[in-house]
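Notes follow once the structure below has been shown.
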Amino acid sequence: MERTFAIIKPDAVERNIIGKILEKVETAGFRIVGMKKILLSKCEAEGFYYVHKERPFFNDLCSFMSRSPVVVMVLERENAINTWREVMGATNPANAEAGTIRKDFGLSIEENSVHGSDSPESAAYEIPYFFSQLELL
């Protein structure tokens, strides 16, 4: 079994569509092994997205991710990372396939409702950023 990290972003939490996204998570065969709703500080968002610190969108991204609560999750199933990326859809909702989370719920390239690890290495960094081993069941 493989694990991946996922975030339901502020735009989705603000629109009260957490349940609709969780339905897609479960329909895709994921087991939720950790989940919590948190409010990131700007500093925590900057630490999480440090890999993008030189990119022009970094400050806007960190402000967006800390503007209101998010739901952070650890998802488990075979081929979890690639499957979650397929369920999310393309980063830009306009380019996402029908039935994906971003096509169904995303508003823009930034407000695209969800985040997911893009590799085993990023999952290995992202999961312990938010969860201790004791929190993963």
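Positions of Cβ are set from backbone N, Cα and C atoms, glycine also.
Less than 8 angstroms from the CB of H115 (active site, pros-phosphohistidine intermediate) sit F5, A6, I7, K9, each of them six or more residues away in the same chain. The secondary structure of H115 (active site, pros-phosphohistidine intermediate), as reduced to three states from DSSP, is extended strand. Under the heading active site, pros-phosphohistidine intermediate, Swiss-Prot lists H115.
Its own atom aside, the Cβ of T91 (ATP binding site) has 14 Cβ atoms within 10 angstroms in the protein chains shown. As annotated by Swiss-Prot, ATP binding site applies to K9, F57, R85, T91, R102, N112.
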Surrounding CB atoms that lie within 10 Å of the CB of R102 (ATP binding site), all protein chains: 23
Among K9, F57, R85, T91, R102, N112, the record's ATP binders - longest CA distance, Å: 21
Candidate with sparsest Cβ neighbourhood (10 Å radius) among K9, R85, the listed binding-site residues: R85
Same chain, 6+ residues apart, C-beta under 8 Å of the C-beta of F57 (ATP binding site), given in sequence order: E110
